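> Pulled from TrEMBL, these are the listed features:
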REGION    1-27  region 'Disordered'
TRANSMEM  37-57  transmembrane segment
TRANSMEM  69-91  transmembrane segment
TRANSMEM  120-142  transmembrane segment
TRANSMEM  162-181  transmembrane segment
TRANSMEM  193-212  transmembrane segment
TRANSMEM  232-253  transmembrane segment
TRANSMEM  274-295  transmembrane segment
TRANSMEM  319-348  transmembrane segment
TRANSMEM  369-387  transmembrane segment
TRANSMEM  393-415  transmembrane segment
Amino acid sequence: MMKGARQRAPPPVKGEPPQKGGGGGDEEGGVALKKEIGLLSACGVIVGNIIGSGIFVSPRGVLEQTGSVGLSLLVWGGAGVVTAGGALCYAELGLAVPRPGGDYAYVLEAFGGLVGFLRLWLLVLVIFPTTQAVIALTFASYLLHPFIPAPCHSPDPALDPALRLLAAACVVLLTGLNWASVAGATRLQDACAAAKLGAIGLVIVTGLVRIAQGEHFWLAPSQAFSGETGGAWPGVGPLALAFLQGSFAYGGWNFLNYLTDELIDPPRNLPRAIFISLPLVTVVYVLANVAYVTAMSPQELLESPAVALTFGEKALGRALAWVMPLGVALATFGGVNGSLFTCSRLFYAGAREGQLPTLLAMIHLERRTPGPALLVTCVSTLLMLGAGDVTALVSYVGFVNHLWYGVAVAALLVLRRRDPHRPRPFRVRHSPLFPRHALVF
């Protein structure tokens with residue numbers, strides 16, 4: 001057994017708040033995770049996990065489905081509003097069910113052990129490891145781009161071992177950091193969130209400068225809803241696919257709910273972090289897409305394998321084109337860190353509920369980090385990196401993951417009806433209509 005580690009005391013009875021342990025002190029012979037995540041770090045967790053490589057690499061998917069620049073911008077904004085609605089539902093759930101584990105804890109509370117077990121094992125065996133593997137590979141690809149341009153555009157099979165080794169090194173390094181210090185991991189997350197916002201900020205500022213210079217042909221109303229991409233009404237099916245692809249780009253909005261045991265003053269900071277982060281990300285996403293079409297026509301955007309790189313080459317010139325791959329590398333590095341941080345807490349929560357081996361509920365006595373859970377998370381991700389085409393698997397499980405978000409929102413309605421007197425420090429307004437809209441979407 002690892003030195004300096006001790007198993008935490010048994011979890012609280014369902015429906016009751018956890019025992020007060022101060023800022024991470026001992027709990028009746030056990031030891032708790034430290035409460036070290038303040039409001040700024042909470043915003044960093046949300047922003048850092050949402051903003052990954054997607055906004056830099058593939059906004060073309062939404063444009064391809066909508067058929068016009070104007071409608072694609074509306075979809076980006078609409079997807080942000082819907083995501084914010086789901087996040088507010090999760091804020092109520094996170095405070096009504098004050099246990100770590102995120103949506104796993106909520107469906108377990110509302111629907112029982114079998115449904116919770118299915119959600120837990122889908123997350124720990126498939127979704128988190130494959131997602132982390134893909135993000136790590138993207139990090140490796142863009143980190144190498146200034147030296148070997150091929151990986152970002154048309155991966156060279158000869159470079160594949162190098163990419164996977166660099167991705168594996170990224171995972172191992174970040175696992176070590178998360179094992180060593182919660183504060184160090186959250187500071188890195190804050191720094192990566194700031195860096196990726198800086199990279200997107202450069203895109204936005206460059207776009208605004210180009211608009212001021214008159215480079216806004218595709219933003220004029222006569223062209224925004226027509227032009228090279230056709231402009232006809234795409235139909236309900238393509239529009240739904242556009243919303244789904246836009247929603248995927250907002251993935252990670254629920255990660256703070258996995259960390260409620262380490263969040264300082266959750267009733268205050270959980271809703272505030274959501275109110276700050278989701279509008280910020282939505283505005284950033286819309287403005288970034290506006291900036292892209294100041295340097296590229298819709299057809300060029302659709303043909304670009306990596307939109308941010310094409311934008312950098314066209315708008316910034318070769319002297320500063322290296323900034324974009326560096327921005328994507330920082331974004332994905334922070335994405336791997338945030339995903340490891342969150343996934344290890346899910347292992348920990350599942351072990352406390354008795355649905356994973358008890359070893360995974362052990363935390364380091366001094367560092368207050370879930371070492372065994374981090375180690376298993378690292379190993380599962382490395383196994384995925386050694387597998388074949390993990391990106392195809394992520395595409396398949398992404399839709400299933402969104403269905404489970406709906407199950408979690410349904411859990412909110414079930415808990416309201418079954419236990420109306422349960423303490424809820426935060427409640428979604430316009431109840432129950434608002435959660436039902438989120439569930440239908």
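From the backbone N, Cα and C atoms, a Cβ is placed for every residue, glycine too.
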> Within this structure, do the transmembrane segment (274-295) and the transmembrane segment (319-348) have 3 or more Cβ pairs under 8 angstroms, counting pairs 6 or more apart in sequence?
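They do not touch: fewer than three Cβ pairs between the two stretches lie under 8 Å.
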> Would you say the transmembrane segment (193-212) and the transmembrane segment (162-181) are in contact under the rule of three or more C-beta pairs closer than 8 Å, pairs 6 or more apart in sequence?
no
> Is it the case that the transmembrane segment (369-387) and the transmembrane segment (120-142) touch, counting contact as three or more CB pairs under 8 Å in which the residues of each pair are 6 or more positions apart?
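Result for the transmembrane segment (369-387) with the transmembrane segment (120-142) is yes.
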> Check the transmembrane segment (37-57) against each of 120-142, 193-212, 274-295 and return whichever range has the most CB pairs under 8 Å.
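So the stretch in question is 274-295.
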> Given the cut-off of 8 Å on Cβ pairs that are 6 or more apart in sequence, determine whether the transmembrane segment (274-295) and the transmembrane segment (69-91) share at least 3 such pairs.
yes
> Which residues of the chain, 6 or more past the ends of the transmembrane segment (232-253), have a CB below 8 A from one of its CBs?
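Contacts of the transmembrane segment (232-253) (Cβ under 8 Å, skipping residues fewer than 6 from its ends): 46, 48-50, 52, 54-55, 59, 61-62, 65-67, 71-72, 75-76, 78-80, 82-83, 86-87, 90, 274, 277-278, 281, 285, 335, 338-339, 398-399, 402, 441.
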> Which bits of the chain, at least 6 residues beyond where the transmembrane segment (69-91) starts or stops, bring a Cβ under 8 A of a Cβ in it?
59, 62-63, 102-103, 218-219, 221, 223-225, 227, 229, 234, 239, 242-243, 246-247, 249-250, 253-254, 257, 270-271, 274, 278-279, 281-282, 285-286, 289-290, 293, 298, 405, 408-409, 412, 426, 428, 434-435, 437-438, 441
